[in-house]
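Undergrad: Handing you this structure, nothing more for now.
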Amino acid sequence: MSNYAIILAAGKGTRMKSDLPKVLHKVSGITMLEHVFRAVSVIEPAKNVTVIGHKAELVREVLDGQSAFTMQTEQLGTGHAVMMAEEELAGLEGQTLVIAGDTPLITGESLKNLIDFHVNHKNVATILTATADNPFGYGRIIRNENGEVTKIVEQKDANKFEQQVKEINTGTYVFDNKRLFEALKNINTNNAQGEYYLTDVISIFRENGEKVGAYTLRDFEESLGVNDRVALATAEDVMRRRINKTHMINGVTFQNPNATYIDVDVEIAPDVVIEANVTLKGKTKVGAESVLTNGTYIVDSTIGANTVITNSMIEHSVVEKGATVGPFAHIRPDSMLKEGVHIGNFVEVKGSTIGENTKAGHLTYIGNAEVGSDVNFGAGTITVNYDGQHKFKTQIANNAFIGSNSTLIAPLEIGDNALTAAGSTITDNVPADSVAIGRSRQVNKEGYAIKKPHHPSQQK
């Protein structure tokens, strides 16, 4: 029989105190909704339905083309939310997973185990449960003397005995699809919240003598639902530990995994060394045997093998193998540093291609430039690429030597093996094999300094 899935993503998330829908807050680089969707994908649902409501279009954009959607215009409880999916799933043979979109720590493995347990035990409903040291706020799993699940009691409706139970409802279930929608027609709002509880269908199944089971998570952390910023930070912490552990198992060295922040889609090859306080975001890739030192921050970039990035920021760029960057360099979007490039102290590169083995050691700005191989930039070089309205390109050919404090006024071309003298302002193209000097000639005024206040003769 087929698997189906319903993801509940309609809530406002009032306790988040945010204009953003709760399920769109991010954990380790992707939204909570995406984490849940990826976990659900492991069970290979024949159809996935996402229930949306608050700021529905924002939520729809995240899974557009990957899920069917249904609207819950009024938030009248979890049971009501699942009712909204009936049009998409009614009459289908199989089992349906129901899961909240604010549970980013759930794993696909656990959901697969839940489905298998449900099918193997021929249950009409199976509850995913966990054991909590402090169960306050959770619905409790109530069992009879034979260990069978009889009902789920919400915190506000639980008596003193029921409040002592530590087995809690995670809010994730598997149901026989047809029986789910049949039972939903018989639930009501006669409870402390005045809502349609999805959990009431469990009591209906039990009253009909149908089999209800529970599968317990091995790891309570997977059950975490995020309702506020405190829980969001907890989820981030758990996810960070998982991600870093996986990379370490796969051969990456961490100086301090508790102070290293890596998004879930980052790829790192073996034998990379990562020092403390490094952040890798988005879809960054890091090649083998590279070293990322303390304070490095990389976003959506590809870093080649055997590179060394020292306390620098790289955004939406490519750094090829054997390059060195930093310390305190900034590689801005749409840049490419080719093999063996050295970008040093306080150098900024933006929207530029830097050829093989080119060096810009310190205090340089390279913007909107195409630079050949084996070029040397002296300290203080500036490509002047913006006139207040438009950006212009600088082209520097192979083996050029750019003297310290050169100002290159784009648009500009500097030929192969050309040299610009230190301190020059270059406004015209420089032919290959030429020296360009664009500065005033020095004039010495002998004896003039005697009249200046700093001169010893002027001191009293």
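Cβ atoms are placed via backbone N, Cα and C, with glycine included.
What Swiss-Prot records for 1-229 is region 'Pyrophosphorylase'. What Swiss-Prot lists as UDP-N-acetyl-alpha-D-glucosamine binding site is 8-11, K22, Q72, 77-78, G139, E154, N169, N227, R332, K350, Y365, N376, and the listing cites sequence analysis. Positions annotated as Mg(2+) binding site by Swiss-Prot: D102, N227. The region 'Linker' feature in Swiss-Prot is assigned to 230-250. Annotation source Swiss-Prot lists region 'N-acetyltransferase' at 251-460, citing sequence analysis. Summarising the annotation, Swiss-Prot assigns active site, proton acceptor to H362. Feature annotation from Swiss-Prot assigns acetyl-CoA binding site to A379, N385, Y386, S404, A422, R439; the stated evidence is sequence analysis.
Locate each feature and note its surroundings.
TA: Other Cβ atoms within 10 Å of the Cβ of N227 (Mg(2+) binding site) number 16 in total over all chains.
Note on D102 (Mg(2+) binding site): other Cβ atoms within 10 Å of its Cβ, all shown chains, come to 26.
Listed as Cβ neighbours of the region 'Linker' (230-250) (distance under 8 Å, sequence separation of 6 or more from its ends, same chain) are residues 16, 25, 27-28, 32, 104-105, 221, 224, 257-258, 260-264, 266, 268, 270.
In sequence order, G344, N345, F346, V347, A379 constitute the residues six or more apart from H362 (active site, proton acceptor) in its chain with CB-CB distances below 8 Å.
Long-range neighbours of R439 (acetyl-CoA binding site) (same chain, six or more residues apart, CB within less than 8 Å of its CB): A421, G423, S424, T425. Under the three-state DSSP scheme, R439 (acetyl-CoA binding site) falls in the coil class.
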Undergrad: Sequence order is fine: just name those binding-site residues in N227, Y386, S404 with a Cα within 10 angstroms of L8 (UDP-N-acetyl-alpha-D-glucosamine binding site).
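TA: Among N227, Y386, S404, not one has a Cα sitting within 10 Å of that of L8 (UDP-N-acetyl-alpha-D-glucosamine binding site).
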Undergrad: Specify the nearest of the binding-site residues D102, N385, Y386, S404 to K22 (UDP-N-acetyl-alpha-D-glucosamine binding site), where nearness means the distance between Cα atoms.
TA: D102
Undergrad: Measure from the CA atom of D102 (Mg(2+) binding site) to the CA atom of G139 (UDP-N-acetyl-alpha-D-glucosamine binding site) and give the result in Å, rounded to a whole number.
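TA: Spelling it out, the Cα of G139 (UDP-N-acetyl-alpha-D-glucosamine binding site) and the Cα of D102 (Mg(2+) binding site) are 16 Å apart.
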Undergrad: Using other CB atoms within 10 angstroms as the count, which residue among the binding-site residues Y365, Y386 scores least?
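TA: Ranked by other Cβ atoms within 10 Å, the binding-site residues Y365, Y386 bottom out at Y386.
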Undergrad: G77, G139: which of these binding-site residues has the sparsest Cβ neighbourhood within 10 Å?
TA: G77
Undergrad: Using DSSP reduced to three states, classify R332 (UDP-N-acetyl-alpha-D-glucosamine binding site) as helix, strand or coil.
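TA: The three-state answer is coil.
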